[in-house]
Amino acid sequence: MNSSETTICALASGVCKGGIGVVRVSGPLCKVIAKKMLGFVPKPRYAHYGLFFDQENDEIDKGIALFFPKPHSFTGEDILEFQGHGGMSVMCCLLESVISMGAKPADPGEFSKRAFLNGKMNLVQAEAVADMINANSKRASKSAFRSLSGEFSNQVNALTKSIVELRVFVEATIDFSDEEIDFLQFEQVKLKAKGIKQAVETILKSATQGVILREGLNVVIAGKPNAGKSSLLNALTQESSAIVTDIAGTTRDVLKETICVNGMPLNIIDTAGLHDSDDKIEKEGIKRAHFEIERADVVLMVFDAQDDKPDFSILPKNIDDQPLLLIKNKVDLISGAVKKEMINNIVQLSISAKHSKGMELLRKELSDIAGLEDFSEGVVLSRKRHIIALEESLASIDNAIMQLENGVVELMAEDLRFAGQFMGSITGEFSSDDLLGEIFSSFCIGK
């Protein structure tokens, strides 16, 4: 059945006990349900206080009812809301009554999906609804609100328009190549294409920061057994997240904690000590450690200050492109000072995790790697799919410039078409049903 023909309902206030609970209904049966449960259809956008009735006309609760007629509602459909006492028993009775009158339980994100399909918001704004709910810092929530307000969408739409306009012009040169029309010269076309490329690169940089702001920077602590990795995790999180003993190999699995530095989430991941082992459990822990190291945004290579230097042979071989910080731990044992220095073009921090010395120095270094100092107030929360689309669009624009330089105008127009499609996929202008299903299935029910 088409979504516009069905009526959906959900507990919009979440599955928890509270002072107030909200049941949200959207679809063509809203007026019918209102007449049965209230005895009348509420005046649009006015709060009505009264009794709620079930299918048998028995009283369920007393509260506030709101009616938003289409198209002036969140979903673009008729919307009815019941705001009652937040006990789960009361809310379940309200939901059961609404369902008995023809509504069906909403799927995760179905309200937002209908809002998107009915043109009430684009895909970026729909995603921002979920990001507002899941934001884990003040900075993240502010950035999500900017996306919800259309800031990111407007940037993408402006670029998409520029790409389309350039493609239309290039195609016109193909269609009317034999006629005397005053077209821009070669260098002007190239200049415009490079201007678009530069604009995409700027948005890509901001979006990359937005992904970090949304998902956090994955920081993996690696090193030999008893190097002080777990002590470092505890010092960074300021909690006893990991067991610390003098026995080497205490940590055999992966431990994960999230902290915030200046509003930026950092996912700190402690791993098993890296060394040769015949122990089956230790070997599995080392295997998992290698997996985390290979997918890390930054690796903290921890080694004992009593050793001459870190042993890089214990690290996986294919991490050359990943940021690496050398952490010279236990400097208190050699009467060393907390400091930062460069060792073979790699930053090395001398610290004492046990005594929490040098933690501010480490937090500052992690902030720099994440680009925190470069974060402007204009950064919006982004997703990895946005990054992929921007990178694909950028590659297509590069190809278009190359085709122009080679004099193959037809292929330039085709590459510009691809660039526009990749950009359009961000806001949902060009999106498959599979993509929409994947995006909205991650939402909570009632949104």
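Using the three backbone atoms N, Cα and C, a Cβ is placed for every residue, glycine included.
As recorded in Swiss-Prot, the features of this protein are as follows:
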{"type": "BINDING", "residues": "Arg24, Glu81, Lys120, Lys447", "note": "(6S)-5-formyl-5,6,7,8-tetrahydrofolate binding site"}
{"type": "BINDING", "residues": "226-231, 245-251, 270-273", "note": "GTP binding site"}
{"type": "BINDING", "residues": "Asn226, Thr245, Ile247, Thr250", "note": "K(+) binding site"}
{"type": "BINDING", "residues": "Ser230, Thr251", "note": "Mg(2+) binding site"}
{"type": "DOMAIN", "residues": "216-371", "note": "domain 'TrmE-type G'"}
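Neighbour density for Lys120 ((6S)-5-formyl-5,6,7,8-tetrahydrofolate binding site): within 10 A of its CB lie 18 other CB atoms from the protein chains shown. The two recorded residues Asn226 (GTP binding site) and Glu81 ((6S)-5-formyl-5,6,7,8-tetrahydrofolate binding site) have their Cα atoms spaced 58 Å from each other. The binding-site residues examined here are Arg24, Lys229; by Cβ neighbour count within 10 Å, the least packed of them is Arg24. Here the Cβ of Asn226 (GTP binding site) has 20 other Cβ atoms within 10 Å, regardless of which shown protein chain they belong to. According to DSSP, Arg24 ((6S)-5-formyl-5,6,7,8-tetrahydrofolate binding site) is assigned to a strand segment. Shown in sequence order, Ala12, Val22, Val23, Arg24, Val25, Ala65, Leu66, Phe67, Phe68 are the residues of the chain, 6+ apart in sequence, with a C-beta less than 8 angstroms from the C-beta of Glu81 ((6S)-5-formyl-5,6,7,8-tetrahydrofolate binding site). Counting Cβ atoms from all protein chains shown, Ala272 (GTP binding site) has 27 others lying within 10 Å of its own Cβ. Taking the Cα atom of each, Ser230 (Mg(2+) binding site) and Ala272 (GTP binding site) are about 9 angstrom apart. Per-residue pLDDT, averaged along the domain 'TrmE-type G' (216-371), amounts to 81 for this model. According to DSSP, Glu81 ((6S)-5-formyl-5,6,7,8-tetrahydrofolate binding site) sits within a strand segment. Under the three-state DSSP scheme, Ala272 (GTP binding site) falls in the coil class.
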